[in-house]
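Below is one structure, written out as structure tokens, with a few remarks after it.
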């Protein structure tokens, strides 16, 4: 429509597409120049060796910020999404059927276990790293991990090291705790995730005023998601050190996934391929249930395997993404990755991970954004990448107190740091447990159970309100316990609840 006399059009509407593009390019350059100037100012406030570390971090941040300014709209064209070909998602049973060689020691000696240990326990009401929450018989996530790897090293007489990727939130506390493992048969290394500045949503400039992290500066920095593992592992010098020691693969997983143990069959599959056809990246996926609708899935896109996360899905297709029929599998974040390939791709700057823009509101009400990436998104950059559809037992994350109840119960038995479903349970599926807000904090959760109930025959448990459990309670079938506001329900010691709904008020008083 051509502007006519007397109509008051804003200037930018009169710009042709060419001028518009040029205007946007100038704006982008301006944002980038301003950001670089602010980062230099921040570096000038560094103390001691801080400047060198922060400079490396900021180099990575500049790259992600540059790409963030370039992105227009969703990074995925929905019409181009295809189901992955069958040969690129292998059933675990087929890999297991290949068996194991007489000696797995040679393969194990080429393996490194990496645990993502950047998260705090705040969502479960705990201070400090999440990995030091007790999950079973006084053992923490970290204890269980060390026991698993020590057991491997002793059983096969090998040296599988453990590497922890910490964040600035967890590093100091973790290093103190690691001293207790000095006499265990496992070499433990750590490296730190990058520290990136949160960005003011309006000005697109850092909120930080200096490199400090105390007082009002505490929440102006963030660790940029686990996709940062490639750059920070490489920058730390640890990647080169492990390659020099003859290590070839890392097995990466979240430290709170208690199902993520070293699997000898997957390791053997990787090691038995001819050198020129080596699979550089394996992503363990498992069948989706209604509880996993938000999990990332594997797709075929531009003839490559690619991870599709819910954040990349156009709004109109979110329901389709969540459907269990179209996208049947999801990423467990248990990954097997070639060390040599990480080094090659890092040096070629060829990872190109999709950016996740995570909006946050700081305590003072300031809206900020943080730019993150996911470790699994790199699958498209590696050669001969594969998905392996593993049993659900390899995905046992503890994100909430409901998960904690499951892993503390007699549903699982503990052997050498590994949890396995009890043989006494007749069906392999895990019960669906939903504990209300009174159980959110681990401390509150523990005071509400005198002992963990027998749950071997449980299918579904919902608990809401002020509820406590006495000793030796047994829960079977579907159990729903609801204490309304102001009411309290004490489940008596020794009670057996089978297919029951309990509501109202039930107090048991000592006399």
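Backbone N, Cα and C define each Cβ position, glycine as well.
Now, the feature entries from TrEMBL:
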| type | residues | note |
| --- | --- | --- |
| BINDING | 130, 193, 225, 256, 399 | UTP binding site |
| BINDING | 226 | substrate binding site |
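Mapped onto this structure are the features recorded in TrEMBL.
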residue: 130; record: UTP binding site; Cβ within 10 Å: 24
residue: 193; record: UTP binding site; Cβ within 10 Å: 27
residue: 225; record: UTP binding site; Cβ within 10 Å: 24
residue: 226; record: substrate binding site; Cβ within 10 Å: 24
residue: 256; record: UTP binding site; Cβ within 10 Å: 22
residue: 399; record: UTP binding site; Cβ within 10 Å: 14
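Comment: UTP site residues 130, 193, 225, 256, 399; largest CA to CA distance 21 Å, whole number.
The shortest Cα-Cα distance between residue 226 (substrate binding site) and any of the binding-site residues 130, 193, 256, 399 is the one to 193.
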